[in-house]
Amino acid sequence: MTRLDNSRVIRPATGTELSAKSWLTEAPLRMLMNNLHPDVAERPEELVVYGGIGRAARDWESYDRIVETLKRLEADQTLLVQSGKPVGVFRTHEDAPRVLIANSNLVPKWATWEHFNELDRKGLAMYGQMTAGSWIYIGTQGIVQGTYETFVEMGRQHYDDDLSGRWLLTAGLGGMGGAQPLAAVMAGASCLAIECQPSRIDMRLRTGYLDRAAETIDEAMAIIEESCAARKPLSVGLLGNAAEILPEMYRRGIRPDLLTDQTSAHDPVNGYLPAGWTVAEWIERREREPEAVAKAAKASMAVHVRAMLDFQAAGVPTVDYGNNIRQVAKDEGVANAFDFPGFVPAYIRPLFCRGIGPFRWAALSGDPEDIFKTDAKVKELLPDNHHLHRWLDMARDRIHFQGLPARICWVGLGDRHRLGLAFNEMVAKGELKAPVVIGRDHLDSGSVASPNRETEAMRDGSDAVSDWPLLNALLNTASGATWVSLHHGGGVGMGYSQHSGMVIVADGTEAAAKRLERVLWNDPATGVMRHADAGYDIALDCARDKGLDLPGILG
């Protein structure tokens, strides 16, 4: 089993020449490779895409076999991938998914990091995060709009819809956390983001997600204070450890206007640098003595959360951004760790109730013009959604494409299938140079059970019921998505989430149009269904308005 290969540089093909037998198999091939593009992945030489150890394939041997199999896959065959390893090809039918993926799934009693890490070391499992192992990661852009929507809503609730002259304090500039600085600036606030690894600060500077870098609190605060005084938002990455810097900032009397965190606290061994340790020591010891690393990291997380609670008690709006740090702190003895809320129940759930979530697409041509043309089509089809238009304008101006050009925008039930059909028609007419793939994050309204994140504090107490993502995956398979994935542990770590993903290809054919209409209606409809079942009036009204047939819910 080979997991480190510094000689490999993976980039997807572009243009219209196929190396697989159809666009339905060329698409997953290119998107797998795109996940490992050096401008996309965090550690591509180790197959790590983002989120600690979220991988695209189990090892390099498995990667090679997946590539070989996708190239020979027939139009009526389906490839099965088990935790990053291709295990079977079976005859199905042309409207069935070409790939079915299951990553990191464990029987609940054994769903712990300790057991998973043992399997991982033996080469029997792979952590897929959410979009790493499901081959639809598009770089940091993939989380920017969701983060932006959260920060905008925080501004609405706490500062009369105006974040000018305000600043956000956070930590973590990995593949997900790296979206925070740009999202904050887009929302009108300055951002100070703490990050312990210089390489991550450098990557966010290089890709335009971060404006400045600093090495001391004083240096960072001087930049923040100047930007707030001028009401010209900018972002600064501060090199350091959040468990050390947050308590010190509180002690000094520094008070941000908003506070959150996106360190990779979901993975105590690979995701969080213990206080007082160097990065080199951390990397060396997590291979040699992972239990000691986890113990030290968890103790540091408790310190981190206590500091967040101190800021909250001082009047700073504080929110958990879904990395499970509160749970770790509670397990470490911080009894009131959950005193500050998660971002979904606090700010995002009304969107989920309408099936609104992170719709995304990528241009297989590799040509940015294809994305700009689809941006214009979104505006044309949704002329009254001025908030979305503003987002698309900002995205074009501020977001650098990583790997294949792609776009993220939050739209919901009734709009997703219209956009998919329109994109398919653009391919058919030759307005786009090649097909597009349409997918989403697993963080969506009907595709995840995560009691400390997406399904925290559900009205009916059904936070931990994971039937819903299973039903979502089954329905997307039956509806004809091009590839479907079912994962465990994404975002919040082992034992705390189950979630599903789907991707569908718009290749300009009539067959694709039929699949797109089914999948892109049914997928968000499961989110409305799930929230209607939990008793949310917004979801119940949406279900009635859209004519959903929910016999055990609407009666």
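Placed from the backbone N, Cα and C atoms, the Cβ positions cover glycine too.
In sequence order, Gln145, Phe359, Arg360, Val378, Leu388, Trp391, Leu392, Ala395 are the residues of the chain that are 6 or more apart from Cys409 (active site) and have a CB within less than 8 Å of its CB. Here Swiss-Prot flags Cys409 as active site, drawing on sequence analysis.
Annotation comment: Swiss-Prot describes 51-52, Gln129, 175-177, Glu195, Arg200, 241-242, 262-266, 272-273, Tyr321, Gly491 as NAD(+) binding site. For Gly491 (NAD(+) binding site), the Cβ neighbour count at a 10 Å cut-off comes to 26, with all displayed protein chains included.
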Task: Around the Cβ of Gly175 (NAD(+) binding site), the count of other Cβ atoms that are within 10 Å - done: 29
TODO: Enter the number of other CB atoms within 10 angstroms of the CB of Ala242 (NAD(+) binding site).
DONE: 30
